[in-house]
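Below is one structure, written out as structure tokens; the observations come after it.
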């Protein structure tokens, strides 16, 4: 601090003796001028050695036109430095002394931008949920028109329409081990469809209000549903019995996913918390309270042990199994995020209530593309919301379900190169924890 004070204010520190020193300084300046010294424009202006920014109280000598100097008049490496008034001989600003540390933030991987290549219309209401068949040949969508439609993934043609719910369908899941599909809706019903007979073979009764999300366990024959009654219920698929009622949230459970190892069940709620559950005892293992607003969407990375969660104020990444906070995504979408999905290449897609589709690099949290969905002709602009999204099994196609009653399919732009779409990345100076 004393060095800095001496450097910056040495010339004006001792006002009592400044007049006495003025004559001596003018003689010193005349002597330096006679020895071929050039001052930069202005009496008090000079160069900061690192940044090329004009600084005060440093007078730089002649720029010697050698290998170290530059042609534009700015001092190069070899410059004669004359001590400033009342300062020590080595007069560098603190920024010149400080060691430049390169940012440790990971650089984003280049991803091709995504483009909309197909719009499927067929539903008569908002499309609220989507699930892809594990064999990657079809996908199903549930809508506010109370129907479930099954579409061919390659061509986008309608294969089948299933009716049975009496309210909008909020959750869908296809079983990886059986020919079963599960659906849940605002009518408090959870149904199991046999896709060989195309009819409901089981119903799971117990929810006290609308069911908002649904997930099938990858290894055990159990089903998880969360709803407006603030409870995540665990069902035995075959016996239709409720194994656990995972209670502890204070508000609607609107997102759930499962994994084969602990924590096997992770739920996000409108009460802004994320809870990890112990499936054996039906108890909470951990509660994450990092978000300030409702956690409406979560996405588990297919390869890494981490997941992302989205709320209206931020998208956050957490590691598993402990649930340590990793970092926020580097920009804010500034809308309610209803859906998110991530593929193996590390492309995270998020869909907002205002129709914004943002694509992120998973590792660095860099937002490399911002898109806006176009509403169908005849729809209101306010019907641009995206309610559900998922990648297909390969991760090369993205399916979004929207409020203009359409299903849109996205793929990467094959013509894009790192030259045509460069990454504009600026590493963050400080990461906001909240």
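Counting starts with 1 at the first residue shown.
Heads up, the Cβ atoms here are built off N, Cα and C, so glycines get one too.
TrEMBL: automatically predicted annotations, no manual curation.
Of the given residue ranges 393-413, 414-434, TrEMBL assigns the label region 'Disordered' to 414-434. Cβ atoms under 8 Å from those of the repeat 'WD' (204-245) belong to residues 167, 170-178, 180, 182-192, 251-260, 264-265, 267, 269, 271, 277, 279, 282 of the same chain, restricted to positions at least 6 beyond its ends. Helix, strand and coil residue tallies for the repeat 'WD' (162-203), in that order: 0 helix, 24 strand, 18 coil [DSSP]. Beyond the ends of the repeat 'WD' (246-287), by six or more residues, the same chain brings 212-219, 224-228, 230-234, 293-300, 307, 309, 311, 318, 320-323 to within a C-beta distance below 8 angstroms of the stretch. Using DSSP to sort the residues of the repeat 'WD' (204-245) gives these counts of helix, strand and coil: 0 helix, 23 strand, 19 coil.
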